[in-house]
Amino acid sequence: MVGRAQPVSTWPGVGAAGLVAALILGTLAAVALRAETAGGFGPADWSALRFTSVQAVLSAVFSAALAIPVARALARRRFRGRRVLITLLGAPFILPVIVAILGLLQVFGRAGWISDVLGLVGLPPLRIYGLHGVVLAHVFFNLPLATRLILQAWQEIPAERFRLAAQLGCDGGTMFRLIELPMLRRILPGVLAVIFAICLTSFAVALTLGGGPRATTLELAIYQAFTYDFDLGRAALLSALQLALTVAAALAALRFSQRDGFGAGLDRAIRRWDGGAPVRDAFWIFAAAAFLFLPLAAVLISGLAGLFEMPIQVLRAALTSVLVACVSTVVFLTLALPMAFAVAAGRYGIVELSGILGLAASPLVIGTGLFILIHPVANPSTLALPVTALVNAVMALPFGLRILVPAAREVVTRHGRLALSLDMNKKTFFTLVLLPRMRPQIRFAAGLSAALSMGDLGVIALFADPQIATLPLQIYRLMGAYQMQAAAGAALLLLLLSMGAFWLLDRGGRHHAET
Amino acid sequence: MKHLMIAAGILSATSAMAADTPQLTVYTYDSFVSDWGPGPKVEEAFEAQCDCDLNLVGVEDGAALLSRVRLEGANSDADVVLGLDTNLIAAAKETGLFAPSSVRAEYDLPIEWADDVFVPYDWGYFAFVHNADAPAPASFRDLADSEAKIIIQDPRSSTPGLGLLLWVKAAYGDDAPEIWAGLADNIVTVTKGWSEAYGLFLDGEADMVLSYTTSPAYHLIAEEDDSKAAAAFDEGHYMQVEVAAKLAGTDQPELSDQFLRFMVSDTFQQIIPTTNWMYPAVIPSTGLPDGFDALITPEKSLLFSADEAASVRDEALTEWLGALSQ
């Protein structure tokens, strides 16, 4: 497609992609160049690589496999509270790691709710610690993302196809095979690659749920190289390995994801005529909701007591976090939109790749690299907030692009030729066609970026200044000072703020509720 | 982004304008500077007497703190680094970035202190904390034979985690792998840091958690809750001594010395017990706060010297990984 006239410019997107790649690879290079000795791998690193890959593959496969029936059920059913449910489904994804661990273990732990129930009927407590625990936790984090991405693809199937299938008398199974399966084959490779990459950088979750040093991941090895051994060369090498794995996964996803070869539709609201199996759909919706909401309920219950005796410092940190989330979202959109348009206009390879790099970049390496680069010219702690906002925006890019790219591609292929034949200039195409048609996806992506930025500890801990703290950092500080109850209250506040920001920007998932 | 950069530039320009009062920059770990740590009180008290601006910068934990100083090297903005412990001293000295100081005090430490670079400001014993109404083992072998479930921290990412590693090594030497093998089925899980472990213990996920003998004092004093206790082990308890030193490249050598002297004075030492929840290095004239007298006092204190700690660390880690990765 490259070389043909396009109704949108590709250079801003290529430029943005270049900036992102420069940030991620530049910080990695800064760390590598600062190293005193050339790093090398030890046997422990190889076993970390093995464990990291195995758990990431399993987590991706289980998250995506479970997301399919949940997304299908949500796509087929209309019920009261569906919109709220879809928004809340996103909550686990944005929880700070330490809060999520405590919430998960209050449900699935030795002394968790499930073990309590088992105890009532005389059964031993659940044995959650191990590889299965790691996968369970990662499914908890990523099932919502997978469900949202797949659900979105479901909503983007032209309504005409379902109508035609219904006229031809297709039953649910046939409809699945003819319409939905091709869609899944298009979207699943990308979903698997994204979740695989997210799980590659897991550290605290994998270690805690994995039950000990058997569950050593690459990210732990990077942390160890930085702090325990101060071996920057090894840290850079391990981080490069993480990036290589992610790029390999992304390339595989690009290769396997087939394009939609079918005709376009007229954007009608989707109506389904295959109303069969309501019990099965209800089961999947109920099971997913229970799995995701029980740990959230644990966070809610332990947070309620602390919510009303919040120290003033927590409220101040909350304000800082909201500010960081706003700036981060603006930066995110400035990078993500041109990149999505460039991909839609055919420049997909390099732009999509640099977009996905953010997933595998170790926050520790980016933070340390930025520190090395900034320190000679400025005081890093005065730049704590801008740097945090920037890094959070880059970290949200991979998710944002997954949301924006399919829609941008659809608009450009569907309306591009007409626009060109009308001699519509790029600016007019952008304001009259592209933006209005992509509004729902832009809102969803912006909401996700804001929520992620709010909940992520990011690099603030590396740059911190005692006067400036974000809410996640303040939660860690409260816990470090034995104030577990206040920390639980602050975690609940964070959850409410993140969900609020998401809801506000996504406008209650309007797009997904009814197209 | 650009506007923020400019705003940040203006902010740093205004703080530079106030630069006629001398500035002392102290790097420390994050929990020290937090609103609930010693930081705010220390800053207020020192600024009241130094006619200077004390700038505390928090960096994650002790190990990350040393990495930060090494990263900045001779160009470090820091004048003083506060928050390393004996396990990090050898590595810190090797960098050549720290300078000796003349500060000495009558330390109330269970050991002799003779280091001309690093000045101790507080200390504590590692211990397993448990619910006071539950039976507690009296040694590592007892613990290994019992059904008690424990949560510990990873020595690769946590200071207490490394402390436990050295505790077992100091108490058992070459038998350490055997002890770890015995403990393997008692360990519920290993966490990245102290906070996760302690949080899980409070949620009831384990019977005991690796922490400090002073942890029950927090519950007693801040929450009036006497339900937590530390188990006394017959082998003795490994110590953590937290230290500070001035950097060789400081442009405020006198002020740095003044800060280190202030650090071992009554004012600073009085702040430590109920904010850092550790024993003060010099017991202040007002004594220890009520509640500290209820804590266990180990019969025997264990501590590797800085050089020993550096030389056994990697071997002990390999043994730990080997025993727990089965």
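Backbone N, Cα and C define each Cβ position, glycine as well.
TrEMBL does not curate its annotations; it predicts them automatically.
TrEMBL lists A:49-253 (among others) with the feature domain 'ABC transmembrane type-1'.
Residues or ranges marked as domain 'ABC transmembrane type-1' in TrEMBL: A:318-505 (among others).
Here TrEMBL flags A:12-33 (among others) as transmembrane segment.
According to TrEMBL, the transmembrane segment annotation covers A:53-74 (among others).
Nonlocal intrachain contacts for the transmembrane segment (A:86-108), taken as residues 6+ away from its ends with a CB within less than 8 angstroms of a stretch CB, comprise 74, 114-115, 126, 128, 133, 136-137, 140-145, 147-148, 151, 204-205, 208-209, 288-289, 292-296, 298-299, 302, 448, 451-452, 454-457, 472, 475-476, 479, 488, 491, 494-495, 498-499, 502-503, 506, 508-509, 512-513. Residues or ranges marked as transmembrane segment by TrEMBL: A:86-108 (among others).
Residues annotated as transmembrane segment in TrEMBL: A:128-151 (among others).
Marked as transmembrane segment by TrEMBL: A:187-212 (among others).
The transmembrane segment annotation in TrEMBL covers A:232-254 (among others). Among residues of the same chain six or more beyond the transmembrane segment (A:232-254), those with a C-beta under 8 A of the stretch's C-beta atoms are 24, 28, 31-32, 34-41, 45, 49, 53, 189-190, 192-193, 196-197, 200-201, 218-219, 221-222, 225-226, 348-349, 352-353, 356-357, 359-362, 364-365, 368.
Residues or ranges marked as transmembrane segment by TrEMBL: A:282-305 (among others). When Cβ-Cβ distances below 8 Å are used as the criterion, the transmembrane segment (A:282-305) is approached by residues 66, 69-70, 72-74, 77, 85, 88-89, 91-92, 95, 99-100, 102-104, 106-108, 113, 140, 143-144, 147, 485, 488-493, 495 of the same chain, each at least six residues removed from its ends.
Feature annotation from TrEMBL assigns transmembrane segment to A:317-344 (among others). Listed as Cβ neighbours of the transmembrane segment (A:317-344) (distance under 8 Å, sequence separation of 6 or more from its ends, same chain) are residues 8-17, 19-20, 351-352, 354-355, 385-386, 388-390, 392-394, 396-397, 400-401, 404-405, 407-409, 411-413, 434, 442, 445-446, 449-451, 453-454, 468-474, 490, 493-494, 497, 501, 505.
As annotated by TrEMBL, transmembrane segment applies to A:356-377 (among others).
As annotated by TrEMBL, transmembrane segment applies to A:383-405 (among others).
TrEMBL lists A:444-464 (among others) with the feature transmembrane segment.
For the transmembrane segment (A:484-505), the residues of the chain that approach it from at least six positions outside its boundaries are 87-88, 90-91, 94-96, 99, 102, 296, 299-300, 302-311, 314, 317-318, 321-322, 325, 329, 443-444, 446-448, 450-451, 454-455, 471-472, 474-475, 478, judged by C-beta separation under 8 angstroms. According to TrEMBL, the transmembrane segment annotation covers A:484-505 (among others).
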Problem - Range from A:12-33, A:128-151, A:444-464 with the greatest count of C-beta pairs under 8 A to the transmembrane segment (A:356-377) - result: A:12-33
Practice task
Grab the same-chain neighbours of the transmembrane segment (A:444-464) for me: Cβ-Cβ under 8 Å, and only residues 6 or more beyond its ends, written as numbers and ranges.
Solution key: 90, 93-97, 148, 152, 321-322, 324-326, 328-329, 332-333, 336, 363-364, 366-368, 370-371, 380-381, 383-385, 387-389, 391-393, 395-396, 399-400, 403-404, 470-473, 476, 494-495, 497-499, 501-506, 509, 511-512
Handout entry: Positions whose Cβ lies under 8 angstroms from the transmembrane segment (A:53-74), at least six residues beyond its ends
Key = 82, 85-86, 131, 134-135, 138-139, 142-143, 145-147, 149-151, 154, 176, 180, 184, 188, 191-193, 195-197, 199-200, 202, 206, 210, 215, 217, 245, 280-282, 284-285, 287-288
Exercise for the section: Report, as numbers and ranges, every residue of the chain located at least six residues beyond the transmembrane segment (A:128-151) whose Cβ falls under 8 Å of a Cβ in that stretch; write 'none' if there are none. Expected result: 54-56, 58-60, 62-64, 66-68, 70-71, 74-75, 86, 89-93, 95, 100-101, 104-105, 108-110, 112, 184, 187-188, 190-191, 194-195, 198-199, 202, 205-206, 209-212, 215, 288, 291-292, 295, 399, 402-403, 444, 512
Exercise for the section: Please give the sequence-distant neighbours of the transmembrane segment (A:383-405): residues at least 6 beyond its ends with Cβ less than 8 Å from one of its Cβ atoms. Expected result: 20, 23-24, 145, 149, 152, 190-191, 194, 197, 320, 323-325, 327-329, 331-332, 335-337, 339-340, 343-344, 352, 355-359, 361, 363, 366-367, 370, 374, 438, 441-442, 444-445, 448-449, 452-453, 456, 458-460, 463-465, 468, 470
